[in-house]
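Encoded as structure tokens, the structure appears first; notes follow it.
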Amino acid sequence: MAYPFQLGLQDATSPIMEELLHFHDHTLMIVFLISSLVLYIISLMLTTKLTHTSTMDAQEVETVWTILPAIILILIALPSLRILYMMDEINNPSLTVKTMGHQWYWSYEYTDYEDLNFDSYMIPTQELKPGELRLLEVDNRVVLPMEMTVRMLVSSEDVLHSWAVPSLGLKTDAIPGRLNQTTLMAMRPGLYYGQCSEICGSNHSFMPIVLEMVPLSYFETWSALMV
């Protein structure tokens, strides 16, 4: 969960998000080293009077500044491709949930059950209870089992939306006429908040997402009551 004045990313709750955090730190360190080198060279150019106006050819320097950026790009691309492959891989999901974006709410359907579906609307500010979060609470939470692979099928009934939950490393476009899929696995129980991340109209800011991750026994009890 995010907190006021937070500068970093949210705490990782899924293996994918942990990998994304490691990749973020890896890339940030490379950017920091490059920036430091560039600033050092600029400071030398501004403070020294030594110049080489007669230099017409520098094969060694040209070779270095051609090969070095290529190596840096490879060091960034390899872990990135690995994470992209992990995010795209879906093996034997334990549960499938179909979510549809609407202007301006989400609807969910548990496809493994015969009649388990509902709409999820934001709770208006004037109806919030003490301790609830403004613009993030919904009337129907998406209850899912923790430590199990869940496949999310994402689409839209009208315009472009985007189903995103930052702490799980999820962001999938909801496109009319197209069915996108992603997987999630939460390692800890709790409430995880997200929002529509694609500008979809006047009430775009009022399409929150709330996932309630619970142990399998609680999920089975909840699903039995809902059906």
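Even glycines carry a Cβ here, placed using N, Cα and C.
As given in Swiss-Prot:
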BINDING   H161, C196, C200, M207  Cu cation A1 binding site
BINDING   C196, E198, C200, H204  Cu cation A2 binding site
BINDING   E198  Mg(2+) binding site
TOPO_DOM  1-14  topological domain 'Mitochondrial intermembrane'
TOPO_DOM  46-59  topological domain 'Mitochondrial matrix'
TOPO_DOM  88-227  topological domain 'Mitochondrial intermembrane'
TRANSMEM  15-45  transmembrane segment
TRANSMEM  60-87  transmembrane segment
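Projection of Swiss-Prot feature records onto the structure.
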residue	record	CB count, 10 Å
H161	Cu cation A1 binding site	30
C196	Cu cation A1 binding site	25
E198	Cu cation A2 binding site	18
C200	Cu cation A1 binding site	21
H204	Cu cation A2 binding site	17
M207	Cu cation A1 binding site	27
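When the topological domain 'Mitochondrial intermembrane' (1-14) is classified with DSSP, helix, strand and coil residues number 0 helix, 0 strand, 14 coil. Cα to Cα, E198 (Cu cation A2 binding site) and H161 (Cu cation A1 binding site) are separated by 5 Å. DSSP gives H161 (Cu cation A1 binding site) a strand state. Recorded residues H204 (Cu cation A2 binding site) and C196 (Cu cation A1 binding site) have their alpha carbons 7 Å apart, per Cα-Cα distance. Outside the topological domain 'Mitochondrial intermembrane' (1-14) by six or more residues, the chain places 20-21, 24, 166-169, 184-188, 190-193, 213 with a CB less than 8 A from a CB of the stretch. Mean pLDDT of the predicted structure over the topological domain 'Mitochondrial matrix' (46-59): 72.
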